[in-house]
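This report refers to the structure that appears directly beneath it.
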Amino acid sequence: MSLLTEVETPIRSEWGCRCNDSSDPFVVAASIIGILHLILWILDRLFFKCIYRSFEHGLKRGPSTEGVPESMREEYRQEQQSAVDADDSHFVSIEL
């Protein structure tokens, strides 16, 4: 037997809830959270590519260098380049 048939029963010509505690604050909060979750899930599925494409490009840019002195930036670039150049016979790709 499904949960739907156990919770809701046909009353005259409409569907109604058998539970008397539908005004309970926890029931109302759970209903609101459930509806919001459903809406967010649908939006996530509809706009999946738009949402996650920005994350993908943002992460591939590398760490932020805002506020870092130029000498430290150059040192970081040299470390990354030396890691790539460690083995000249094979191409090494490092993504942060």
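Positions of Cβ are set from backbone N, Cα and C atoms, glycine also.
Source: prediction; values computed, not measured.
Listed in Swiss-Prot:
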- 1-22: topological domain 'Virion surface' (TOPO_DOM)
- Asn20: N-linked glycosylation site (CARBOHYD)
- 23-43: transmembrane segment (TRANSMEM)
- Trp41: site 'Seems to be involved in pH gating' (SITE)
- 44-96: topological domain 'Intravirion' (TOPO_DOM)
- Cys50: S-palmitoyl cysteine (LIPID)
- 59-88: region 'Disordered' (REGION)
- Ser64: phosphoserine (MOD_RES)
- Ser82: phosphoserine (MOD_RES)
- Ser93: phosphoserine (MOD_RES)
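A Cα-Cα distance of 14 Å separates Cys50 (S-palmitoyl cysteine) from Trp41 (site 'Seems to be involved in pH gating'). Regional average pLDDT for the topological domain 'Intravirion' (44-96) in the model is 70. A distance of 44 Å separates the Cα atom of Trp41 (site 'Seems to be involved in pH gating') from that of Ser82 (phosphoserine).
Every protein chain shown contributes to the tally, and the Cβ of Ser82 (phosphoserine) ends up with 9 other Cβ atoms within 10 Å.
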